[in-house]
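Just below is one structure, and these are the notes that go with it.
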Amino acid sequence: MAPDDFVMTLDSEEESPSGAIKLSKSSGSKEVDDALLDPAFTFDMSGDPYIDLIQGGTDFTDLVKSGSKPDPISVDDIIARRKTHSSTRKRKHHEDSDNSGDRSDGLEPLGSQAEEDSTDEGTTVLEDDEAEDDQSEDDDDPLATSDDTGSESDNASSHEEKESESESMASSSEDNSASDTEVQKARKKAFFSSDAPSSEQHASFLTMNLSRPILKALTSLGFHTPTPIQAVTIPVGLMGKDVVGNAVTGSGKTAAFIIPMIERLLYRDRGKKAAATRCLVLVPTRELAVQCYDVGKKLATHTDIQFCLIVGGLSLKAQEVALRARPDVVIATPGRLIDHLRNSPAFALDALDILVLDEADRMLSDGFADELGEIIKACPVSRQTMLFSATMTDSVDELVKMSLNKPVRLFVDPKRSVARGLVQEFVRVRAGREADRSALLLALCTRTFKSGVIVFLRSKKLAHQLRIVFGLLGLSCEELHGDLTQEQRLKALHLFRDGRVNFLMATDLASRGLDIKGIQTVINYDMPSQLSQYLHRVGRTARAGRKGRSITLVGEADRKVLKAAIKRAAGEDQVRHRTIPSELVTKWSKKLESLKHEITGVLQDEKEEKQLRQAEMEVKKGQNLLEHEAEIYARPARTWFQSGKDKQHSEALSKRQYETNFQKDNSINPSTPGSKAQVEKRKRDKFSGLTRRAKRRKLASEGETKEDRKATDAAIRSAKKAARPARISVPNKPPPREGRPKDDKLGKAGFSHDQGRKGNRREGIRAKRGDAKIKGRRRR
Ligand SMILES: Nc1ncnc2c1ncn2[C@@H]1O[C@H](COP(=O)(O)OP(=O)(O)OP(=O)(O)O)[C@@H](O)[C@H]1O
């Protein structure tokens, strides 16, 4: 290998001059049935889902919260400024370096001169002979054997894959976890619906009994055939049944729940009085909510269904206005939704028919437990609930929190955890050479993976530092993490999506759900501690039948997750071991060392600028307060579900619970002794926790006799009942050819009791031929 040779893998991939890698096909490689998803298909129908938010379409300036945070600072501006003043800066840095012997700069280690000085032996570079050494040394070493196409784990996964291939669609309701005990199996059997999903395989959306507006939207989007998860979910979703769905990343789960949702909404009552929020989609991140909102709007283009996006970081006022119109579908992150439930008087979830949790395993864990409990309390029990994730759990203990009603378990190809088109590469980071990670990253990004690269990092701080490093090296880069304003986050994604920047430094904020066509490569700066996290990260590429590559820097401590990841690979030729020449690592380590002072300088400039802007903002705030004092104090105070501290506390608590498998419903069941909700209850007075209306009622009823109260309650109940919009119904199944049995009016599906409502007889009944005029009047 020539000294300045590029990064090469052990199994001699050819590298094109452009740096793109040509995959070598091993003889054992199986022809993957990517036909399930058309690689030529483009989902970005009219481009970027953020475009509406950022340019034109929606008034972004109004949506973005203003005034609460100082204006964002551009790292690029600072770098450019510093370049023009480089001579002065250099002098300053020399002075600084004389004073600082220790790491007082607060930087996370980006490279280590001390280690680099030692010797080239034992660096991160794992040459061919070293790999062989390792093989004999440790038979169980995944890194040492990962490039060996005959490795046991690979064979196993490929065998499983063959098995599952034929069953991939039909196996959806089978139990995949061999590790379950008999008790667990029995619990699952009792918990999940025993109704197997229809064995009928829908090769086309046309056989699914969907309405014309949806079919039209699907056609214009280029969705010709349903993906496996769509094929099994849509019919079950249309029946109004609860669903727990699992399918690999990038397999079209979003449309799988949005299509039945839209279809059912087409049968809702119309008119001002009937307007209500009937569907709620909860997602863990704002970016995912924006994406989901976009998919929903596009699938509902030819309908009158109204969507509303409720996420933090965007204007509360604009959202309040939107909610007042009672949109049919709300797509939200939990925190902001609760804010509106508490503080937007016109908004309630009591007419909710469908609740969807996307990335449901995430929503059921960590810091979302309390918030989820609060939201579920506000939803009617009779709703349909659908849960989806690529790493969905079927643990009953977790799922009981959602009070599901005999959910149908739709696990598509459960033995496969990553997309078929994904090639997973691993780069070994030897013990004691952890500091070389940044040099390894730069070696990868400057020689081989030059565009469409998302780099996942463990912390916001590191993401920011590396974004500065890339900026200083002239590589076009953006960052995406929770330290940015929502405007910055959306813009970064927009630029990356558009291909205007080649690299995106992200934290796990971006690991779930994001669907960006241009991502060719995912680089894991470090291996996440949980396999599910890894699967979501690498799932940002190789989506919808396309090909993609992930490269993970694996330290000694990560071997367990690494082994698990290899075991779940899509095929034996889909796992590689990549080596990086030591001279390249040394070169980049030196470069990083030389940049250290510049990085500190940029961070310092940034800090000063931030303080300045913060001060300016405080002055502005003060002026506002003086000018509009009366108006500001007249506003009703907002109430908060949790303070930041509370949230942190609950996050830590639920994480602990999750990790120790403490999975009884303690965390969100308000009646559990000693639960936070109960402690709070004890502290409250008789009015606390009541809505304004309930308070008024309570006050009024205090002077009433028992009879009076009964009469008042009855009157309120009947008034409420009259005002409540009708539930949306389950679209009817097409009649069997020989004619439908008389008693099978609407099939066994849920919500059938709603069908007989007076004056609402046609609701949910499919139009027959000849009904065209009526249908035309009913639907726009
Ligand atoms: N019926 C279809 N035919 C072709 N492509 C489709 C179809 N449905 C969805 N897709 C494509 O699949 C891509 C991924 O869809 P989606 O984001 O819903 O995946 P997902 O399963 O939710 O992934 P994740 O688990 O990462 O959230 C979309 O960009 C879209 O292009």
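Just so you know, glycine gets a Cβ as well, placed from its N, Cα and C.
Unlike curated records, TrEMBL annotations are generated automatically.
Of the listed segments 203-231, 232-260, 319-347, 377-405, TrEMBL assigns motif 'Q motif' to 203-231. Looking at 1-31, 590-620, the stretch flagged in TrEMBL as region 'Disordered' turns out to be 1-31.
Residue counts for the domain 'DEAD-box RNA helicase Q' (203-231) by DSSP state, with H, G and I taken as helix and E and B as strand, are 18 helix, 0 strand, 11 coil.
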